[in-house]
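Enquirer: Structure provided below as structure tokens; questions to follow.
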Amino acid sequence: MALSWRSWLANEGSKHLFLFFWLSLNVWFFGKTFLLYNQGLQYYYLHQMLGLGLCVSRASASVLNLNCCLVLLPMCRVLLAFLRGSQKVASKKTRRLLDKSKTFHVTCGVTICIFSVLHVAAHLVNALNFSENYSEEFLTLNAANYRGEFKCKLLTSLLVPGLTGVIMVLVLFLMCTASTYAIRVSNYDIFWYTHNLFFVFYMLLMLHVSGGVLKYQTNLEEHPPGCFNPNKTLRQNLTVPKAFEELFPDYTTEPFPEDLPVPEPFVQNSFMRICSEEPKFQSHFPETWFWISGPLCLYCVERLYRYIRSNKPVTITSVISHPSNVLEVRMVKDDFEARPGQYVILHCPRVSALESHPFTLTMCPTDTKATFGVHLKVVGDWTERFRDLLLLHSNQDTEILPIFQQRRYPK
């Protein structure tokens, strides 16, 4: 029992430890942002207007920023291959952890879908509260034009955040549904083309936060939240002649007197901080670009590097059709070095302009023979078209012996 526990810890412990760290990071970001918008003095008036919807929308947005940053890193395959083969990463546990990059990518994607639903629901509640709790005292804080404004009209009036939010939900829905196992197996093209919409999703995400709908208070010293402004109250209720204006001087903010030993209950309850000016509100500077610009640039640089490297020609020397719809493709490429257990990414423009697939090397080049090869199972539309392109008669029966063909193949 102790040996099996030690074996499980050695093989799977690092993966679960990393998962626990990632989960803790999500909980910490959500809780920290939730408390900030729930108890922060700069969001006092905004929280009075929106309530719990404000806290949930901003807390879910922080989790989305984190996972939109991390979801691209497992797709940097050249970087992961370099780290895995580098002498700096000598630990077998670390290498096994890098092998789980696809699982982590899927985990981040599912998290993005879940918190996107929560984020959208919270903003629908915010739209309702903006309409119902329209403030005539703080006009700059309102997103609605008047009390009781129609909710759908309010969402469409916020052109940048509203329109980009709707399009992002549609793009995310397409990416999520096309990522299911049934669609990937039956029609991989749908999965591939919809998944590349993430470029559109990221561009819209950076535009989405530039609307500046939610505002925070900037002058907390001059106007503590909930303070009493006597100048405004008197001027609203009384018409004071100019001769008596000196009787109502401007009040300044003063804390509760510290020289009182134990304030009397009536003194403590009746005391109120005095504010000297009206609250001033300002929109947040967008921070989403700070999260996603680094991973997005890294991924784009890697895609460019892979495109340049893939321009070197690869010659198919032979194709062997094995039983059970298995193809063995043997190829030659100049200056190609590989070790057993590595994989190559096959891209055939005559099959698909953008689609490519990884396959493990089953035959590696040596010092005396430059040929390398892969075995692939014909299970989807891409492999079917690839087989039809390589084999002269793709519908032949190969249940007993493999069939060897050698001719001029496409690049």
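The count begins at 1 with the first shown residue.
Yeah, the Cβs are placed from backbone N, Cα and C, and that goes for glycine too.
Any TrEMBL annotation is an automated prediction that lacks curation.
Per TrEMBL, the feature transmembrane segment maps to 20-39, 59-83, 104-125, 158-183, 190-209. TrEMBL lists 309-411 with the feature domain 'FAD-binding FR-type'.
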Enquirer: So what's near the transmembrane segment (59-83) in sequence-distant terms, Cβ-Cβ under 8 Å and 6+ beyond its ends?
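Expert: Counting only partners 6 or more residues beyond its ends, the transmembrane segment (59-83) has Cβ contacts under 8 Å with 22, 25-26, 29-34, 37, 89, 98, 101-102, 104-105, 108-109, 111-112, 115-116, 118-119, 122, 202, 205, 287-288, 291-292, 294-296, 298-299, 302, 305-306, 342, 345, 358.
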Enquirer: Tell me, what is the mean pLDDT of the domain 'FAD-binding FR-type' (309-411)?
Expert: 78
Enquirer: Can you work out which residues elsewhere in the same chain, 6+ from the ends of the transmembrane segment (158-183), have a Cβ less than 8 Å from its Cβ atoms?
Expert: 109, 112-113, 116, 120, 123, 143, 190-191, 194-195, 197-198, 200-201, 204-205, 207-211, 213
